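Working notes, beginning with the structure itself.
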């Protein structure tokens with residue numbers, strides 16, 4: 001392999017479940033015009049959808065979670081993981097056809113696939129048969145109290161072009177970057193989804209924790225790592241609180 005080919009060698013990825021982050025804003029003014037019985041009927045229909053989608057998680061064929069979003073960017077986020085893009089689209093359509101969707105306004109969405117790169121991969125055999133790898137590619141989304149989502153790119157400008165680095169340089173940088181993430185094991189669960197060709201950024205990062213301050217600490221610490229400081233470009237950050245079937249009615253109460 002030539003030196004130029006080595007320089008431009010692309011990282012290979014292991015790909016798992018497809019992911020949809022669907023952010024909605026409630027039309028509270030229209031929602032308030034409904035009678036209490038009408039609202040309860042709509043909430044009942046929506047919880048029925050959530051329970052239906054939850055069957056896939058029990059069967060190990062996907063996962064989903066719901067969070068209320070803090071701030072003006074959105075009111076809630078539905079995150080869905082499924083084996084195929086078709087199943088992801090089907091759930092999106094099911095929600096869009098529901099009565100609750102009539103009282104929501106799309107705020108933002110992100111389409112991607114759970115991804116592991118070969119920067120840090122090692123070992124022999126089929127990685128898709130490795131239980132540790134499978135748990136990361138096909139995760140059950142936790143019911144952590146808090147979530148943080150943001151999209152990101154690797155910079156491609158001037159002397160700070162990630163894609164002009166050799167595989168060895170990128171691997172070394174990602175190794176030190178990964179050490180920071182692993183230092184938060186037990187405090188933050190991180191799911192990386194790849195979105196090159198799927199959405200406007202290259203990756204989506206979803207963080208879960210029972211201590212919301214861990215998001216701030218983790219992201220801030222990573223800012224000093226060269227991968228983020230020199231090559232990272234970030235989109236909007238969304239932070240929210242977990243919504244369960246028990247707390248959903250209170251969220252929608254007016």
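Keep in mind that glycine also has a Cβ here, set from the backbone N, Cα and C atoms.
Feature list (source: Swiss-Prot):
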ACT_SITE  150  active site
BINDING   136, 150, 151, 152, 153, 154, 177, 190, 228  Fe-coproporphyrin III binding site
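If you take the Cα of residue 228 (Fe-coproporphyrin III binding site) and the Cα of the residue listed as 'active site', they are about 14 angstrom apart, rounded to a whole number. A Cα-Cα distance of 19 Å separates residue 136 (Fe-coproporphyrin III binding site) from residue 150 (active site). Same-chain residues at least 6 positions away in sequence with a Cβ under 8 Å from that of residue 153 (Fe-coproporphyrin III binding site) are, in sequence order, 201, 202, 203, 232, 233, 234.
Across the structure, the residue listed as 'active site' and residue 177 (Fe-coproporphyrin III binding site) are spaced 17 Å apart at their Cα atoms.
There are 18 other Cβ atoms within 10 Å of the Cβ belonging to residue 177 (Fe-coproporphyrin III binding site).
In the shown protein chains, 18 other C-beta atoms lie within 10 A of the C-beta of residue 228 (Fe-coproporphyrin III binding site). A 10 Å cutoff on Cβ-Cβ distances gives residue 151 (Fe-coproporphyrin III binding site) a total of 23 other Cβ atoms nearby, all chains included.
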